[in-house]
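Enquirer: Next up is a structure, given as structure tokens.
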Amino acid sequence: MPRTRKKKIPITNTDKASSSSTPTSSRTVIRRFHVLLKKQRQLKNASSANAEVLGEIEHEIDELGGLAAYQRMSSIGQGNDRGGGSEKVLIQWLIHMELRKREAKGKLRLLEVGALKPDNYRTCMSWIDTTPMDLRSRHPSIVEQDFLLMDEDENRGKWDIISLSLVVNFVPDPRDRGRMLCLAHSMLTPDGLLFLALPLPCVENSRYLTFDKLQSLMDVLGFTEVQRKWKNGGKMAYWLYRKSEGDHKTLHEYRKKTVCRQGDRNNFAILLP
């Protein structure tokens with residue numbers, strides 16, 4: 001008798017993400033979601049948008065499960081069986097800086113943007129006061145809020161630490177990515193800290209961004225690098241910056257795309273508004 005094959009059910013069609021999904025399938029959903037969101041934003045901003053194409057894109061986003069599916073896949077990737085979340089890197093750096101020993105000054109106020117779990121910093125509750133937030137809250141303790149729509153005046157100089165872990169790369173518009181960094185600088189206290197985590201290919205294999213260009217952009221915005229971490233062949237890159245004074249005279253140099261490298265590369269870019 002001929003062997004019959006079971007039809008495989010795509011991970012993107014499941015309503016419940018579990019730890020059985022593979023890292024590869026999770027990354028596939030996330031990457032496809034990024035592509036669709038970018039196309040959706042471009043069509044909505046176009047003067048003569050193709051309604052049929054836009055409808056197809058939005059239909060595929062719905063078929064993938066929308067933002068909820070992206071969050072489930074990302075949450076699985078942060079599980080302890082996958083090495084845990086990026087908060088481990090930040091906590092290690094803060095401890096190394098001896099910020100755990102500042103009881104007299106009160107707890108550090110941390111704004112965790114893009115939080116998929118409410119308790120990422122539960123081991124640091126004695127010295128870090130965390131406010132987790134996300135576009136779509138998955139828990140009552142996570143504030144449902146778009147960082148780009150936060151009141152800048154109300155939050156100016158409010159936060160000791162802002163975490164943008166796998167957040168900037170999720171924003172479809174390159175100028176909104178830059179605006180996100182500008183807002184973070186405004187909302188940090190003097191000498192406040194910005195934790196930035198990106199997929200390594202966003203910088204290592206981008207047509208418009210290199211490590212040196214990212215560093216110069218952050219310098220212009222007023223961020224001094226304190227720590228950085230990545231490894232060749234790895235998937236993630238991490239930075240810790242301290243708020244400082246920027247050189248706003250050269251902001252115009254980062255308001256348009258400039259090709260840094262040729263070849264088969266991705267189009268990830270950060271532009272200043």
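Quick reminder: no glycine exception, Cβ is built from N, Cα and C everywhere.
TrEMBL does not curate its annotations; it predicts them automatically.
Below, the features straight out of TrEMBL:
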type    : residues       : note
BINDING : Gly114, Asp134 : S-adenosyl-L-methionine binding site
REGION  : 1-26           : region 'Disordered'
Enquirer: Which chain-mates of Gly114 (S-adenosyl-L-methionine binding site) that are at least 6 residues away have a CB under 8 A from its CB, listed by sequence?
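Expert: Same-chain residues close to Gly114 (S-adenosyl-L-methionine binding site) (Cβ under 8 Å, separated by 6 or more) are Met133, Asp134, Leu135, Ser163, Leu164, Ser165, Leu166, Val167, Phe170.
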Enquirer: If you count Cβ atoms within 10 Å of the Cβ of Asp134 (S-adenosyl-L-methionine binding site), leaving out that atom itself, what do you get?
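Expert: Cβ-Cβ neighbours of Asp134 (S-adenosyl-L-methionine binding site) within 10 Å number 23.
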